[in-house]
Amino acid sequence: MGNGLSEPHAIFPCLPSFQALHIVILGLDCAGKTTVLYRLRFNEFVNTVPTKGFNTEKIKVTLGGKVRTAAFHFWDVGGQEKLRPLWRSYTRCADGLVFVVDSVDAERMEEAKTELHKITRLQENQGVPVLVVANKQDLRSALPLGEVEQMLALNELGSHTPWHLQPACAIIGEGLQEGLERLHSMINKRRKMMRQQKRKR
Ligand code: G3D
Ligand code: MG
């Protein structure tokens with residue numbers, strides 16, 4: 001699920017294309033952000049503690065298709081309410097966002113929606129691709145993907161924001177590789193469009 005890329009935005013990602021992609025992992029506390037990060041880093045489940053500040057890892061990810069590997073620099077930022085005002089300082093130069101939601105936590109889906117829309121609407125984040133990870137799909141009470149999409153109002157993200165909704169289970173890593181491939185391709189597509197737009201000027 002996801003939308004396409006429409007008009008490119010004039011803001012260019014801060015990093016040149018040969019450097020690691022700057023990816024910020026956001027979402028409410030307990031959504032599974034740190035589990036995602038360490039699953040990607042160590043390829044195994046790592047027990048987490050609540051993140052007070054941030055965790056960061058540079059990870060080379062093997063991709064399918066033409067591009068075989070890509071370097072990602074992930075920033076996993078604490079999701080507690082008091083820490084959310086800090087998100088903006090991490091997303092300023094982001095090439096892409098990973099927004100993790102707990103698919104079981106129907107009660108806080110509205111709160112997750114508010115935070116997702118708030119961060120993507122910021123001027124500097126316009127056009128930045130978002131991978132929405134519907135995490136904890138291993139649990140019986142997980143909301144189906146369609147419901148997560150509706151509750152997060154992904155269709156209202158705006159035509160400038162490309163997004164993809166990925167079902168996942170961070171504990172075993174299911175869905176993460178696929179999600180990153182989609183994020184990588186959305187970032188590449190955006191860069192290509194921005195280069196074309198620059199040439200036309
Ligand atoms: P956060 O970084 O978003 O705050 P964490 O979240 O990564 O610390 O994870 C919060 C809790 O959710 C952890 O459990 C973690 O093991 C669990 N979790 C993360 N991903 C999944 C998943 O895909 N499936 C299930 N079932 N649980 C998941 P604890 O018990 O340590 O609080
Ligand atoms: Mg954490």
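Count begins at 1; order follows the chain as displayed.
The backbone N, Cα and C atoms fix where each Cβ goes, and this holds for glycine too.
Bear in mind that TrEMBL entries carry predicted annotations, made automatically and left uncurated.
Quick look at what TrEMBL lists:
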BINDING   G27, L28, D29, C30, A31, G32, K33, T34, G79, N135, K136, Q137, D138  GTP binding site
BINDING   T34, T51  Mg(2+) binding site
Q | Listed binding-site residues adjacent to ligand 2, that is, members of D29, A31, T51, K136, D138 whose C-beta is under 6 A away | A | T51
(Q) With Cβ-Cβ distance below 8 Å and at least 6 positions apart along the chain, what are the contacts of G27 (GTP binding site)? List them in sequence order. (A) K33, G79, F99, V100, V101, D102, A112, E115, V133
Q: Quick one: pull the CA-CA distance for T51 (Mg(2+) binding site) versus D29 (GTP binding site), whole Å only.
A: 8
**Q.** Other CB atoms within 10 A, centred on K136 (GTP binding site)
**A.** 24
Q: Using DSSP reduced to three states, classify K33 (GTP binding site) as helix, strand or coil.
A: helix
Q | Nonlocal residues around D138 (GTP binding site), in sequence order (Cβ under 8 Å, 6 or more apart) | A | C169, I171, I172, E174
